[in-house]
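Enquirer: To start, I am sharing the structure in question, which I have written as structure tokens.
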Amino acid sequence: MEPGGDGAEDDVGAGIGPPAPGWCLRGRCRVGSQREDVGWWRSWLQQSYQAVKEKSSEALEFMKRDLTEFTQVVQRDTACTIAATASVVKEKLTTEGSSGATEKMKKGLSDFLGVISDTFAPSPDKTIDCDVITLMGTPSGTAEPYDGTKARLYSLQSDPATYCNEPDGPPELFDAWLSQFCLEEKKGEISELLVGSPSIRALYTKMVPAAVSHSEFWHRYFYKVHQLEQEQARRDALKQRAEQSISEEPGWEEEEEELAGVSPTSLKEAKVPVARPSTSPEGGPGPQSPCEENLVTPVEPPTEVTPSESSESVSLVTQIAKPPPASEAPALPKDLSQKLLEASLEEQDLAVDTGETGPPPRAQSKPHTPACRPSGPEPRPPARVETLREEILTDLRVFELNSDSGKSTPSNNGKKGSSTDISEDWEKDFDLDMTEEEVQMALSKVDASGELEDVEWEDWD
């Protein structure tokens, strides 16, 4: 049995022994490639699982966050709705009056709803309207309502340039401020800043004494604070000035009322009338009677002209725009006044010869006082025309001599030679040759007709 057994074992060992060289190499290559494929698939599966796990965890976190926010919103809205409903019901129950058991029941229900309202709805003093109040973080880690001045102060405290750089502005201002500043008086404030402001404490620990000294650190800080206070004071002053300018409305209406109160009549009354001297210029004929003096006085408006004035005198007075002072009026030459007298005499003689019955033309009306009667053989109208032209020669624009027959002379433009042209035109139109006797007769007829005319004018008045 043993030999047989040994033989069997030998056969098995012979069967298990190393195979041929070519077959053994191919088997090992196959096993190695299979192992590599299994390792790659395993790593790919692990990576895919890890990626899916990470994405799933992120999605789960987002879902949890959304659900949490949704739950909070629903709870808050529900609490607000319940509180509002309870408040409304409570108000209605308190306003409606009742008696007996109904009143007790309503009172208990009102108390219960009041407890619910106070539980779910916070009091108004504990709520913050985010649309109105803006919060800002302080260096100590707390939050407080936003203030521009405090925000700039916090920014200044946390800026390293505040302590490292030289102060802004002229050095003279810094020296003047430094001469009045005492660092010993700020010890308490420095201690509070180091305790209450982490940013200042960190910068102080980092810079002092490595970069700057203790005194330079605090001198620059307090000077920056001083400049900030000055800037804020200027802003407040500008703001106050702008508010005052907006609040003060312009008084345009008051100015218009004041201007409307000044009437044209008051302006006229304010004008000072120009006084005319009673004496006539040298070389010119002066007034011969009180009537002639009245002719050179300031003329009243046309509505107050008496009927005794002729159309010629009215047109002459109304055509004067600005009568100059008597001192500026040049003296009328004697030859010019003589020619005017001759022209008026020729016109009167023509009216007498043609048999006209109307009143002779006159330059000015005759006053009705006895002192105004003509004292000589010469007619009064030429003398009055001569006196009036002497006073208003410079401002006269149009001077017309109108006859009763309807004929008029060319216009006078205010020049001295114009009256000479008038007399020459009259001589050319009529071409009259009169002797001295005819002139005397014409003058006597003119005096007679003048007296009749005065009577007629008095009757007409």
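Cβ coordinates come from backbone N, Cα and C, glycine included.
Feature table excerpt (Swiss-Prot):
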type	residues	note
MOD_RES	S123	phosphoserine
DOMAIN	177-229	domain 'BSD'
MOD_RES	S197	phosphoserine
REGION	239-384	region 'Disordered'
COMPBIAS	250-259	compositional bias 'Acidic residues'
COMPBIAS	295-318	compositional bias 'Low complexity'
MOD_RES	T387	phosphothreonine
REGION	398-430	region 'Disordered'
COMPBIAS	402-421	compositional bias 'Polar residues'
MOD_RES	S418	phosphoserine
MOD_RES	S419	phosphoserine
MOD_RES	S449	phosphoserine
Enquirer: Calculate the per-residue pLDDT averaged over the domain 'BSD' (177-229) and state the result as an integer.
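Expert: Result for the domain 'BSD' (177-229): average pLDDT 90.
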Enquirer: Looking only at the domain 'BSD' (177-229), what are its DSSP counts of helix, strand and coil residues?
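Expert: DSSP classes over the domain 'BSD' (177-229) add up to 44 helix, 0 strand, 9 coil.
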Enquirer: Neighbour count, 10 Å Cβ-Cβ cut-off, for S197 (phosphoserine): what number do you get?
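Expert: Its Cβ has 18 other Cβ atoms within 10 Å.
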